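Record features, source Swiss-Prot:
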- 209: active site (ACT_SITE)
- 236: active site (ACT_SITE)
- 333: active site (ACT_SITE)
- 4-121: domain 'Response regulatory' (DOMAIN)
- 197-391: domain 'CheB-type methylesterase' (DOMAIN)
- 55: 4-aspartylphosphate (MOD_RES)
């Protein structure tokens, strides 16, 4: 079944090019256009698309207001297009708060010049987001969260090889585990009454993608100022957006939230957001641990920042004293890094399917048998505070 799309933009050129690009994919069908936010609200009701692409800045009714009205009257997955400016980043975060599912930078040059990577990204986002609507109206698909699918691997992963190359002090490459049957995913009923494990932690690391901004805000705003450990945040997000996102979180949270910088010393009660377009790793030992933030030109690691890269670095720096959490997101970034953490004795949690915007990254963790618990989003902060002893 093709994903039915409503394209919303006040630029006729952008509407036409987005439509042409989407319809290159046989699994996507553009069923209509809207030229402003008011038009979008009306056509969302009349056409009932599976998903909507929408510009943030439009006449008559802006994108943020349109998102609010659509989500109130005809809830539909929405992908926002936003300019790569500080005001554009702030507006995009407002749109996500209003209910939009995800966003892409609005780059006319990529659209005009048929940038292959940009085209594939747009098509994949539209299909993944649109299918969330299709799954809601179709019969529920069975959850595989309690049925781990183990895929034995005899060779080092690309991540492990990359990590060993980047970290000059590494002397061995960790081999992926073949089975984690001793750490099954915990059911929700068990989670509600579960007490702290008593395990010792030094670091919390959280990785996410689609749906992550709202998920992170939900969790971090519930943490106390005296949270006992540093927190590393890896959110797939362009470089122009991470400063605004860190600033927004910092204004809402009791803990300090900042965009990570080269040489930052890791401190308890501070959350460090990986900068867009760069990787974030950990250098040093003990109290002298600092962050290494750098541009990665490797083609072997698709995401910048990458959850895998940071998780792998945490496994080396902290061994088993890490609580890693994988939240909503497309793809499987984080799985190989979580595998290395698991081998070091770390604890891995995954967000459950029902509360995810996109059940991709957490599903990869669960299916690989790496998650000791699968948690609904609204319970993550409660469990986290209990687990680290500040509940």
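Easy rule for this one: first residue shown is 1, then count along the chain.
Keep in mind that glycine also has a Cβ here, set from the backbone N, Cα and C atoms.
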For residue 209 (active site) and residue 236 (active site), the CA-to-CA distance in whole Å is 5
Cβ neighbour count within 10 Å, max among the recorded positions 55, 333, goes to 333
Taking only the CA atoms, the spacing between residue 333 (active site) and residue 236 (active site), expressed in whole angstrom, is 10
Simplified DSSP label at residue 55 (4-aspartylphosphate) comes out strand
Across the domain 'CheB-type methylesterase' (197-391) the predicted model averages a pLDDT of 95
Filtered by Cβ under 8 Å and at least 6 apart in sequence, the residues in the chain of residue 236 (active site) near it are 208, 209, 210, 212, 303, 305, 329, 333
For the domain 'Response regulatory' (4-121), the DSSP helix/strand/coil residue counts are 57 helix, 26 strand, 35 coil
Residue 236 (active site) falls, by DSSP collapsed to helix, strand or coil, into coil
